[in-house]
2 protein chains.
Amino acid sequence: MSEYTGYHGNSLEFLKANKISIGDSVKILADITYSGIVMPRYEHSDDKHIVLKLKSGYNIGLEIKNIENVEKKSSIEKKIETNEKIEKNDNLPNILLLSTGGTIASKIDYRTGAVTPVLTAEELNSSVPELGKIANIETKVLFSEYSENIMPEHWVKIAETVKEYSKSQYTGIIIAHGTDTMHYTSSYLSFALAGFPIPIALVGSQRSSDRASSDAALNLIGAVKFLTESKTNGIYIAMHQDENDETIACHIGTRVRKNHTSKRGAFQTIGNDPAFLIVNNKIQKNMKRDFFKVNEFAPKIKINQKVALVKYHPGYNPDSLRNLIDSGVKAIIFEGTGLGHIGENMYPVVKIANEKGIFMGMTSQCIDGMVRMTVYESGRDLLNLGIIPLENMIPEIALVKAMWVTGNTEKFDEIKENMLKEIALEFST
Amino acid sequence: MSEYTGYHGNSLEFLKANKISIGDSVKILADITYSGIVMPRYEHSDDKHIVLKLKSGYNIGLEIKNIENVEKKSSIEKKIETNEKIEKNDNLPNILLLSTGGTIASKIDYRTGAVTPVLTAEELNSSVPELGKIANIETKVLFSEYSENIMPEHWVKIAETVKEYSKSQYTGIIIAHGTDTMHYTSSYLSFALAGFPIPIALVGSQRSSDRASSDAALNLIGAVKFLTESKTNGIYIAMHQDENDETIACHIGTRVRKNHTSKRGAFQTIGNDPAFLIVNNKIQKNMKRDFFKVNEFAPKIKINQKVALVKYHPGYNPDSLRNLIDSGVKAIIFEGTGLGHIGENMYPVVKIANEKGIFMGMTSQCIDGMVRMTVYESGRDLLNLGIIPLENMIPEIALVKAMWVTGNTEKFDEIKENMLKEIALEFST
């Protein structure tokens, strides 16, 4: 990365004309005055804007043609000197931040030019200074993966780390995580760490911190507010509620889904309002139940990956199901249609799975609502073929639960019993 | 079915005490006076209600303890005599109703006791008398399948029938269809019948007509209103907008999804408002574009079922993708995470698919929003491996389009070109 990475055409000319490089502290008069640090841009960016990271940690894109004046306050060298070790404040609660990667942890370091896929306490403090006023944040880098590359083995590593902090000085734990598969991870942790005494918030960002309008800082601030003030436990996802910056939503880790590819408010609690909202920095509670059905913390970390999710559709080839059976899966989660149906052409292969003692659970590709397999003849046929209706469990969460349940027992009756026993609000609405 | 099917305990006693059987016309005073026909009940019904079909075609469940008076107006024999052949009214538009099965067509005939899986013009007229006032409805039974059993072969049969009516006296066509896979069928018809000159509405019901609060009648009335007043063409799904009876929503057949297992307003247009609303019987237009990109009707009916939908998730076994390749699929639609990602562990098998000339398209399991594969390194890797981003196409609709495209050409370049060429608003928001 150079001192102008991502800038080209008009924006590059503008930087050079004003003797500004990435990393410099500047004061820019446009409609109002903005003070901040010049950030690098993405490779496909336009040449009409420059991006500033404001003191709030929030990034803003300023259109060059509206800029009336630029004042360079300090150059990049000056910035480095001020980047000191943070003092711990004994009056503030302590939060542990575990970094796993993802957009939120993909800071482009404008000092070294390298993409640093980590969040250190120092970096956090300099980019989101509000955090230091509400909590002492200690950070630990677990690994650095975009979330599409997070595998069940990574879930286990997170759980192995977290379980060591069940008796600690921390008020809560943040897990910085890519958003793509965040709800898979949150549901695994909800099952594996049942009874964990302090709250855990998975936090990501939909826009990386070098882009205008990154949501990273506000999601982190909201998560810390939640962890220090909610007086609850459980595993949550804390992200923007919508496009506005007023509200951070905390979703129950087993009832949440990423429902938009790019919006800041991409995550939604299915069938209910989010458990907590942080509205203009004030916490609101909507949740009416305890997160865990158990009081004692008894971690069960193991997982079995020989579980398949089968999304039925017209034209689905039953041979695909047959191949899954032959591959030795221990459980199959159907994402059926409507109230929980699959076509009659699937029955012969379903019968084979049943005879082999493979657990089969039914969810709905409608995502919202209960499966009900007693309403229609086809549902009753499937019940007779051994398929177990999984109420309103979200298909992806049912898949994760099946991996976790079959990781901890191989007995069919215990698998069935545990799949239907609520652990962490996975059946709640 | 007996004269008391589904009634037991209190409700059966009540019927016997008042000498009423299923099919009788009665007048009941509860909070207000209800006139209607006593309907059978479901096998798992409670014993606290009796269900009346009102003259509007709407069913209501009356709690026995609130009933003050019952008056039998005519017995079942009388009812049969009045069920005459309907006269055609030359001043009204003509609508063709094709019945394919599903809840909407699953009338329990309380005269014969049989489940009659068809909608005849006579039955329609007696159960939804409003229809006769706004259009002449002619009916044709194509087949009788619950929609989970509707296969691509059934889609072809519907299209083969519909295409014969491109030059006819009909103002529009209703296809009565089960709701579970209705959006798969509507999208196939949108592609296969591109340019079809008159509007088509798929109509279903979430509650069968023998249940209190069936939505069948109102959905049908709304669809007829839409077909006769919209002055448009294209393929739509006409269903309740929400739990209220005020609004029927008409969704574009390629932009719609069943998003709730049981609600009356289960269908939603993804990323936009429905194309048309029928609010209190008045039509409102939201749609701003033409449905078809072509003006000439040139049906392409063929379909190829060797297409797979692959929903990626942590723990997805790349061997499953390998099995699909070996089974000879012509196209694979990925339901990736977020902006269109799958894990790095999939790359070797994706490479094989690419080398074999299999078309691979990317959609998102977020359902809403665009895939964008240039933002992150992993997206760019997948582009280099030959995966084509399918913008904001809904995964299920992309699957159907791939079946249709590969049914009509085997050449990779033509498959790619046609997958990306908008036919029927499938990329619209």
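Placement of Cβ uses the backbone N, Cα and C atoms for every residue, glycine included.
Taken from TrEMBL, the feature active site applies to A:Thr103, A:Thr179, A:Asp180, A:Lys258. The domain 'GatD N-terminal' annotation in TrEMBL covers A:21-71. Annotated domain 'L-asparaginase N-terminal' per TrEMBL: A:94-287, in sequence order. Feature annotation from TrEMBL assigns domain 'Asparaginase/glutaminase C-terminal' to A:306-419.
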Subject >> A:Asp180 (active site) versus A:Lys258 (active site) - Cα distance in angstrom >> reply: 7
**OP:** Please work out the number of neighbouring Cβ atoms within 10 Å of the Cβ of A:Lys258 (active site), leaving out its own Cβ.
**Re:** 29
Original post:
Using DSSP and three states only, what is A:Lys258 (active site)?
Top reply: strand
**OP:** Fill in the CA-CA distance, A:Asp180 (active site) to A:Thr103 (active site), as an integer in Å.
**Re:** 10
Original post:
How many whole Å apart are the CA atoms of A:Thr103 (active site) and A:Thr179 (active site)?
Top reply: 8
Original post:
Under the DSSP assignment, what numbers of helix, strand and coil residues are found in the domain 'Asparaginase/glutaminase C-terminal' (A:306-419)?
Top reply: 51 helix, 22 strand, 41 coil
Subject >> Secondary structure at A:Thr103 (active site), reduced by DSSP to three states >> reply: helix
**OP:** Note the mean pLDDT of the domain 'GatD N-terminal' (A:21-71), expressed as a whole number.
**Re:** 83
Subject >> For A:Thr179 (active site): intrachain residues, at least 6 apart, with Cβ closer than 8 Å >> reply: A:Gly102, A:Thr103, A:Ser147, A:Gly204, A:Ser205, A:Gln206, A:Met239, A:Lys258, A:Ala266, A:Phe267
**OP:** Please compare the active-site residues A:Thr103, A:Asp180 by how many other CB atoms fall within 10 Å of each one's CB, and tell me which has the fewest.
**Re:** A:Thr103
**OP:** May I ask you to report the DSSP-based helix, strand or coil state of A:Thr179 (active site)?
**Re:** coil
**OP:** Sort the residues of the domain 'GatD N-terminal' (A:21-71) into helix, strand and coil with DSSP and give the three counts.
**Re:** 3 helix, 25 strand, 23 coil
